[in-house]
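Enquirer: Below: one structure in structure tokens.
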Ligand SMILES: Nc1ncnc2c1ncn2[C@@H]1O[C@H](COP(=O)(O)OP(=O)(O)OP(=O)(O)O)[C@@H](O)[C@H]1O
């Protein structure tokens, strides 16, 4: 790194360093202009202050909200300024071996993608400008070897996708490794030899990144995208490497369904986007509050940003906002998050003296191949030379000469193969300082350095201005020399007034925060209720369909896997006591008695392992028929009747005299009934004793 460049490098430190927070406001867009929206955002770049006017203010206290950040950019700010003043120093640190992260956060349609990727020409964004800075540095740096690789991924609907190898079906999981932080498995890493290579990789990834159209943005990013650049650097003949890692993150925007008009898939995406952004908000909040638990595990996004927020990276958060009055609430929410992020402390550590870099392995392999090629070429040449001499002396046989030529040819082919391999490996590595004359225009380089100097000066000015304002406030009283008591009273009254208005605005802020808190709590309670209902449904199913002993077994097997952030069932070790195994009849596997018997009839049944099981019969629910009991008097009459029938061949039924009614009509009626009942009983008797003579019934 040149001494000029070093000037702009962030101060080297292994101690705490705050996350740098920058706010950028885009111009009013066509739609907002058409709907007569006014701009409610005022930016003061020289002081790092942004003032937002509440369009629905009911009182003076509610009217304006003021926030201070490391730097602020208004709608006239250029991509070049933002990069030079904010990102250039961070990339310079990465080239020294630090981890760096830039992430753009904000409501949908506020210019995150514009800031990170930008458009062609002067409007190119942070990512392509970082490519240029990295390669300009490599081109200038002599005596150093570099291995530069890129990775590009998106988190869509809480799933990780590789944007450089979209067809890969291998699963991408998050793994926490010592020293490397959280990494993604099976992610393709592409080595690059120039800024153009990197641009190609970025464009290829952007082409398949998930975007969609909403009411708020024609090309809305529906996923969080992370472009990662890993730069390994080694001085010549050094046995260790420095590794700088730069993560450039374009987050999906937060959105309200009522404004974006998201339905169907767009709505599902929006729900996931808002959920992961709310996890990010919670992480920022917990870090700002110095909480003992930081909920990184709540989403994939927060796990991947773990190093950047509260970890060992230098981090810049760019909060993008829109100026329109209709987006006042969203703008305030973004500014509050950004304000909280200001108090996050990171602990950047230089990754130097690394012994496990890919570059070292590559250098060793190149050395080995060079050695091998040298040995092979010398060995083959000498061998063929010696053999030729011997042959001259001993014999001149044609056959052996041909053989030698063949051997020579084979040796040459082997060397060619090794040379090809060597070339491919060497191609992956870049020697610094090689292209200084061809690719870097001297004037442009100087211009770039001057821009950097101006940017650094401007940044210092803002810092000084902020410090001055703070000190002015506290020192003004000390500086004041009061001529009279009245003057002192007036001054104190003014101060009281100022403090009172400050108090009011703080109270208002507390009220606003409380409102947001109540809203958040409501949302959490709703989500909680929904989750509880869901859980109750599963309990119902489990209680009714999973036997209790099976439940206990599964509970014992369940364990939480940190790597995939989910519960898994451990594999059960089943130990079979050999004595419990079924008797195998000396066959390879246990065979049932039925199959054994059938196989005697024909060997083709041997495979049919039929078990002879006893049927489990259902309980009997019917009874045998028992005839109803017959009254003894009727029974004797029936017996008489049957006896008569057997003796005389017909039935005679006589009414017993004691059962006759008194008057004539009832007598006739009773007689009829009696005869009917007796006949029915005789019929029944005959029916039961089928085969008995079927006598004709006659009545007397
Ligand atoms: N600073 C700016 N100057 C000019 N135009 C801008 C600026 N910022 C954003 N825009 C324009 O605003 C529109 C939306 O921007 P962009 O797509 O970058 O928003 P976003 O925040 O990435 O949205 P989403 O979260 O939906 O992906 C684009 O047409 C972009 O060109």
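Sequential numbering from 1, following the chain as shown.
Glycine residues also receive a Cβ, built from the backbone N, Cα and C atoms like all the rest.
Just lifted these from TrEMBL, have a look:
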- 18-344: domain 'Kinesin motor' (DOMAIN)
- 106, 107, 108, 109, 110, 111, 112, 113: ATP binding site (BINDING)
- 380-407: region 'Disordered' (REGION)
- 387-400: compositional bias 'Acidic residues' (COMPBIAS)
- 468-516: coiled coil (COILED)
Enquirer: Applying a 10 Å Cβ distance cut-off over all chains shown, what neighbour count does residue 108 (ATP binding site) have?
Expert: 26
Enquirer: Say we define neighbours as other CB atoms within 10 Å of the CB. Which of the binding-site residues 106, 109, 111 has the fewest?
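Expert: Minimum Cβ neighbour count within 10 Å, taken over the binding-site residues 106, 109, 111, occurs at 111.
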Enquirer: Using the recorded ATP site (106, 107, 108, 109, 110, 111, 112, 113) as reference, state which further residues of the same chain have their Cβ within 8 Å of the centre of those residues' Cβ atoms, listed in sequence order.
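Expert: These residues sit around the ATP site: 26, 104, 114, 217, 253, 320, 322.
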Enquirer: Please give the average pLDDT for the domain 'Kinesin motor' (18-344) in this predicted model.
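Expert: That region's mean pLDDT is 89.
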Enquirer: Check the binding-site residues 107, 110, 113 for other C-beta atoms within 10 angstroms of each C-beta and report the one with the most.
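Expert: Counting every other Cβ within 10 Å of each candidate, the maximum falls on 110.
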Enquirer: Please state whether DSSP places residue 107 (ATP binding site) in a helix, a strand or coil.
Expert: strand
